[in-house]
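Asks: Have a look at this one.
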Amino acid sequence: MQLNSTEISELIKKRIAQFDVVSEAQSTGTIVSVSDGIIRIHGLADVMQGEMIELPGNRYAIALNLERDSVGAVVMGPYADLAEGMSVKCTGRILEVPVGRGLLGRVVNTLGQPIDGKGEIDNDGFSPVEVIAPGVIDRQSVDQPVQTGYKAVDSMVPIGRGQRELIIGDRQTGKTALAIDAIIAQKDSGIKCIYVAIGQKASTIANVVRKLEEHGALANTIVVVASASESAALQYLAPYSGCAMGEYFRDRGEDALIVYDDLSKQAVAYRQISLLLRRPPGREAFPGDVFYLHSRLLERAARVSADYVESFTNGAVKGQTGSLTALPIIETQAGDVSAFVPTNVISITDGQIFLESSLFNSGIRPAVNPGISVSRVGSAAQTKAIKKLSGGIRTALAQYRELAAFAQFASDLDDATRKQLSHGQKVTELLKQKQFAPMPVSEQALVLFAAEFGYLDDVELERIGSFESALLAYANSNHTDFMKNLAKSGDYNDSIKDQLKAIVEDFKKNGAW
């Protein structure tokens, strides 16, 4: 069959009419060097600071240095097979992570991908890892407590919802143990928890996850992992990813608690990236913006007002405030809190819990130093019962420390001094607590009541621990309803005071410990 010229012309016109051309403008570039997870790219004239750059093999890098004729970017993931001359392109978007209730009970990496072998995550959407913190008008003052379950913390350095409380101390002083116990204590409080592990051994993280599961707290917790074997870029970004996951709950009128374990390792990872990008080093070789690294992260922990929540949810949630409480951890070297990163984080946070290796080694655990541990906003959030009963604890410990130092040089002491020393020793003994045994408000109130009103004066120092255990067992078995109500309300009045007095006096009359 032969086509004449008219038919050919019509066919060509028909094909031209059917042809749909979509022009796509792409900003592409070429890798000019690869070293230690840092790539330099020629081209990409339109790239933004912090933009994701698509690499071969379904990987991404983040643009951190925008220079005159090249772009410095950090690779998120393996980089050994990247080579000079490979083509890369802009994506036009910044790093986002999955957020939502589907992440609770899961272990994820910095990018929000599951690494616990439990299948895909049913997330509610995505959120950028870098978000501007709520402004002053959107915030509300801290006036609700976060119970850690530790007598020493809840009585002397109370933490409120929306507060940033630093946990600082040398290695092996119980920093992680304190944070994990605080998470375990939230399993029935309705507070969602996020634990961000930065630069730790995989075996240590696995142990933490197992402990959370054993104590029924994992179902309420998201674990974000950037282990020591991960690249510096992922260790640097992990806290921001965890924070974005916590903000999901904060912005919907719920309460969340996030632990950064620890920010010293994040600062080291950021220093490594900055030096490889040839940014000028400053004090201790950290870059000039290491303060901003932590301040922009910790300022995102806040208690936000009901108006903010209503506006964010487009009216779906009304009359509820939201909060994100942060417990950053910093590791010091030989107790030096005046080093660069520790002083930065101390100045950003609303107080610090200082753990001392000398106390830890002498068997005082948690090893909280009450002299330099402080909570700047938490006292407004403390439960009434603990606030009323813990007033004398800090004073007793401060006097005891002072007198103990003085008593070393004095041969004979008067009765009043001996009494103060004895009381201080007993209070110190009473504040000791085993790991994975957080105490509800009612039990703390009962124990503090016994200390405050002199019921320990005739108990031998060695018997304080057994006295406490027996007293709590007696109260929980014989006054169950009262203890449950006190744990729920945390209130304190004359009626509760009389009831506590009756419990302790009855126990001392009948109890064997």
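Glycine too: its Cβ is placed from the backbone N, Cα and C atoms.
From Swiss-Prot, for reference:
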BINDING   GLY169, ASP170, ARG171, GLN172, THR173, GLY174, LYS175, THR176  ATP binding site
SITE      SER373  site 'Required for activity'
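Quick one: how deep are these features, and who are their neighbours?
Replies: For GLN172 (ATP binding site), the same-chain residues 6+ apart in sequence whose C-beta sits under 8 angstroms from its C-beta are SER357, PHE360.
In sequence order, MET156, VAL157, GLY351, GLN352, ILE353, PHE354 are the residues near SER373 (site 'Required for activity'), counting only same-chain partners six or more apart with C-beta under 8 A.
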Asks: Take the mean position of the Cβ atoms of GLY169, ASP170, ARG171, GLN172, THR173, GLY174, LYS175, THR176, the recorded ATP site. Which other residues of that chain put their Cβ within 8 Å of it?
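Replies: Counting only non-site residues, the set is GLU331, LEU355, SER357, PHE360, ALA367.
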Asks: Is it possible to get the count of other C-beta atoms within 10 angstroms of the C-beta of LYS175 (ATP binding site)?
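Replies: If we count other Cβ atoms within 10 Å of LYS175 (ATP binding site), we arrive at 25.
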Asks: Neighbour count first, Cβ atoms within 10 Å, every protein chain included; then name which of THR173, THR176 tops the list of binding-site residues.
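Replies: The most densely surrounded of these binding-site residues is THR173.
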Asks: Under DSSP, is GLY169 (ATP binding site) helix, strand or coil?
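Replies: Where GLY169 (ATP binding site) sits, the three-state DSSP reduction gives strand.
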Asks: Through the lens of DSSP with three states only, how would you label THR176 (ATP binding site)?
Replies: helix
